[in-house]
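The structure appears below as structure tokens.
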Amino acid sequence: MWIPMLSLTALPHLGIFGGFITRKEVMTWYTTLNKPAWRPPNAAFPIVWTTLYTGMGYGSYLVWKELGGFTQDSLVPLGLYGMQLALNWAWTPIFFGAHNIKLAMIEIVMLTGTVAATMVSWYPISRTATLLMVPYLAWLCLATSLNYCIWRDNPDPKKDD
């Protein structure tokens with residue numbers, strides 16, 4: 001049982017590849033944006049995401065284990081989990097890669113909703129797994145607020161016709 005536990009716990013960490021995009025843009029484009037004073041320091045993000053990815057990954061393992069692996073019963077709870085993971089990984093290339101703050105805002109709202117739906121689907125299966133998602137949902141609420149403020153305070157430049 002070690003291989004599934006380690007694999008499912010490690011899976012979300014593939015999102016670290018988005019860090020390659022972020023690293024360059026945090027020092028260039030991101031510095032030019034108007035950001036709220038309450039935003040977390042840049043140094044907090046890798047620590048927070050490592051912790052959140054580990055928690056959600058282990059939670060997915062608990063659900064997988066409780067439902068006997070990838071079964072018919074796991075389709076919705078693990079499908080929602082997979083969908084939120086894909087949305088999670090997509091946000092960085094949209095925001096930092098494409099510099100599309102508005103689309104990133106729409107995307108993070110969808111992500112947050114999908115995480116909430118995942119938690120609702122997990123609750124009857126494993127309360128522990130659901131609780132492991134609580135810090136993630138809280139962070140996403142903060143990140144959504146931050147994305148909104150950046151979008152609001154950095155209007156798209158007017159395009160010449």
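Every residue, even glycine, has its Cβ placed from backbone N, Cα and C.
Copied over from TrEMBL, here are the features:
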type     : residues : note
TRANSMEM : 6-22     : transmembrane segment
TRANSMEM : 43-64    : transmembrane segment
TRANSMEM : 76-96    : transmembrane segment
TRANSMEM : 103-125  : transmembrane segment
TRANSMEM : 131-151  : transmembrane segment
Practice prompt. Look over the recorded stretches 6-22, 43-64, 76-96, 131-151 and say which has the most C-beta pairs under 8 A to the transmembrane segment (103-125).
Written response: 76-96
Discussion item. Is the transmembrane segment (76-96) in contact with the transmembrane segment (6-22), using at least 3 Cβ pairs under 8 Å (sequence separation of 6 or more) as the test?
Written reply: yes
Worksheet item: Excluding the flanking five residues on each side, which residues at least 6 beyond the ends of the transmembrane segment (43-64) place their CB within less than 8 Å of a CB in that stretch?
Response: 4-5, 8-13, 15-16, 19, 22, 70, 74, 77-78, 81, 85, 122, 125-126, 128-130, 132-133, 135-136, 139
